[in-house]
């Protein structure tokens, strides 16, 4: 096959083609052309995938027209390359050659395409034009080209999947936030001022931490790109980027030390300017974010030597950019970058001043702040803390006026005289009780004392006097009621009251026992006197006459008993005398007060018939016989074991049991009459 003839426009003069410099130049340009072609091939595949979803199909006529345009553009580029250049151009191309990797990755290839363009107009047109140039060749692919195409497509799929995963990754949480709210205590925990001992180590760590955060893309490639690229295109891109970075700098944490701010600002300025050319010209914002994330991952994996080299290069580039002659776009850049730097300085100074001026909070303030935070969250303590109680105690103490020594002494003297007076009155009452003074006089003195001094009820002696006033014949319930009232009033000391009540109860039991013994002795003495009188007379009496007389006497007693019962049914008020004298000494005849359901029904009938009834209660009154010995023992039993129906020894005690409006129905006791009848038969 014969090689195609070279057009005359592209041929060099024969005198220049033989030179070694031009041969080296052609070899270098051929390498650059092949590399550009490979990168544009991958870019074309990506554009084909995107255009297949909605773009139009390029016809054959359009391809021919675009091919002619590409040839014309190629001739123009060749003419420009043959023009004379300054000596520094070769060095720049060498640096670009070393910096650009041969891997066909999307990020670096796209960046090289954008960087190597010289005019803003051509930068938008070159990708489409060069892609159309390769279209006729793509129809006849060799095996190596097909292999490279497959590898590039696989790599593109991997990169797109990674980019999607990075986009789906959750965002980094805001520092100091807890459940959607920013907590001041969490911010203070990682922004407290460091101690003097750890200043050097902390400063080095923070410098190394802030530099990789700021350098998102690789600075070596972009720095060479800024030197090679045209000034007008670079300055327009950087002016756009400063407006975006000024918003992002507000989110970055302010510098911790003021003396590091100058160096950090210069480094950040250079890095932001160099990284602007890569990120802004890419196209949509989504690609910018993806490229910045991939660049961050590459920067984190780099070694410490690479970081130091990047720092030095960025500083040199920053100094060169500042030293360049000022143009219109450069003036705009400096005007926009200066307020950003001023904001950084002011934010850093304000943060340092606020930390230095902020005093160390006390434990009480911290607790109060914690309580406020808990109240805001809806967490309230069930029991109030002890600190609240301790704060109120001194206030109450301060409210009480502190009296002088003499006033307190006078108050103590008055209190002592007061207690002595009360004790004297109680002792006088006790003496009167022991002497046998009437109950009414002692009650008058006690009531007068309580009227004048109501607090005297809290003394036990008052209740002791009331218990001793009660006669020995009074029931035990009255004394127990006095004891209960003393407990309710809070009398002190209650032990003394308990001892006195025990003494009173023992006295009552002894009195009852003595009375029973005296009655038995008197009865026994009477019987002995009768026996002695019968023996002394010595008169012979017929036993038959004695039996007849005794029978006659018993019959009379039985008749009298029946008459008495009849009289009781007719008019119970006539029976005033107690039947104790008519019975023997070992037994007692008492009246039992009880009710029955039948009696209650009768009462309801009577009340229904007579609306204006004079009585309210209706009870039975039955004479019963009780043993004297058992009666004495049952009196000592508690109320639960005693007989529920009370027994009365006389009619006078009925007024104490019931009301005046109560009515009693007397019914005879056949058992008492039967006793007399049995005695008669024997």
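In case you wondered, yes, glycine gets a Cβ from its N, Cα and C as well.
The compositional bias 'Polar residues' feature in Swiss-Prot is assigned to 218-251, 261-278, 291-305. Here Swiss-Prot flags 332-344, 361-375, 560-577 as compositional bias 'Basic and acidic residues'. Swiss-Prot lists 177, 189, 533, 594, 601 with the feature phosphoserine. What Swiss-Prot lists as phosphothreonine is 578, 581, 595, 596. What Swiss-Prot lists as phosphotyrosine is 598. Look at Swiss-Prot and you will find 1-28, 152-174, 208-305, 326-402, 557-581 tagged as region 'Disordered'.
Residue 596 (phosphothreonine) sits 84 Å from residue 177 (phosphoserine), taking the Cα positions as reference. When secondary structure is read from DSSP and collapsed to three states, residue 601 (phosphoserine) falls in the helix class. Residue 594 (phosphoserine) is 15 Å away from residue 601 (phosphoserine) when you measure Cα to Cα. For the pair residue 594 (phosphoserine) and residue 177 (phosphoserine), the Cα-Cα distance reads 85 Å.
Each of the modified residues 595, 596 was scored by the other Cβ atoms within 10 Å of its Cβ; the lowest score goes to 596. Summarised by DSSP class, the composition of the compositional bias 'Basic and acidic residues' (361-375) is 13 helix, 0 strand, 2 coil. Comparing the modified residues 177, 594, 601 by how many other C-beta atoms lie within 10 angstroms of each C-beta, the top residue is 594. Listed in sequence order, the residues of the same chain lying 6 or more apart from residue 598 (phosphotyrosine) and placing their CB within less than 8 Å of its CB: none are present.
The DSSP secondary structure for residue 595 (phosphothreonine) is coil. DSSP assigns residue 177 (phosphoserine) to a strand in the three-state reduction. For residue 595 (phosphothreonine) paired with residue 177 (phosphoserine), the C-alpha to C-alpha distance reads 84 Å.
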